[in-house]
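Taken from TrEMBL, the feature compositional bias 'Gly residues' applies to 24-36. Sequence annotations record features per position, and here TrEMBL assigns compositional bias 'Pro residues' to 74-83. Per TrEMBL, domain 'L,D-TPase catalytic' is recorded for 184-296. The feature active site, proton donor/acceptor is assigned by TrEMBL to His254. Residues or ranges marked as active site, nucleophile in TrEMBL: Cys271.
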Amino acid sequence: MPWESADHTAGRSATADRPQASGSGNGRPAGQGTGEGATDDADGGGGDGNGATDDPSTPAPGIDDPSKGGSTPEPDPGPPPAGPALLAPGDNGPQVREVQARLKQIDWFSGDVTDHYGDATAEAVRGFQAKRGFEATGEVDQRTLDRLEEMTTEPTSAELTNTPPAGTGSNTPGPLDPRCQTGRVLCIDKTTRTLRWVVDGDVRKTVDVRFGSAELPTREGEFSVERKSRDHVSSLYDTPMPFAMFFSGGQAVHYSPDFAATGYNGASHGCVNVRDHDAVAWLFDQVALGDRVIIYWS
């Protein structure tokens, strides 16, 4: 992928304002961590507990005694500086999508791939760079790209369009979450990308759904339908959201003409998209305010 360096923010130096590596140093991919951030290995200036004294006449361990002709060891220069950025946060385009797909192959990136270089992509790149001993800038330079291409394969069309491999049960419902077994529930499974309308454990309707990207994820957990709007238009994006059933702030289950046209080659802004117009119209008439919404991984 012989890309030319992008002309990023004017006047910015090659190293200014770059985020530092945030990985824990244990090789765990970004986006799949345990919540343990990197910490400074510092004692706060106390003794080392191994018998060393504070006698100034006694050289500290690891420091040469000048009277014996020794010399102070050279400090660790650290990782070599990064080269010019080819891709950086804020960039958009198919090259970003390919980088995400390659990072996903080696478990540094999770979620659907997109054309946008946001926080999740920068975090994945920083983790990959830190693991390789590179300066962890979160920006893709030529060295980072070369190593990434060495470790991965050319992304397939399925990988670039977020299409699950054939034979993995795509859009085949998995087990119902126990919370979906009682009452009236929109039971939404992120693993199988299905929504089921369940009443007292009886599945009345099943439809394919699409979720938000890694940058704008669909929330998970237990919610309830707060309001409904049959001919809703998004006030944030000025796009139609027919048959919207809101369950968490601005996130809603609704019909998506884009999902109907392009399938999983794209993502929502956090909503649960339905591509079957007639099915979601039927659901809209069945679901009442207060009905529960369960979003989970099976």
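Including glycine, each Cβ sits where the backbone N, Cα and C put it.
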State the count of C-beta atoms found within 10 angstroms of the C-beta of the residue listed as 'active site, nucleophile', not counting that atom itself. 26
Using DSSP, break the compositional bias 'Pro residues' (74-83) down into helix, strand and coil residues and give each count. 0 helix, 0 strand, 10 coil
Its residues classified by DSSP, the domain 'L,D-TPase catalytic' (184-296) shows 16 helix, 56 strand, 41 coil
Calculate the per-residue pLDDT averaged over the domain 'L,D-TPase catalytic' (184-296) and state the result as an integer. 94
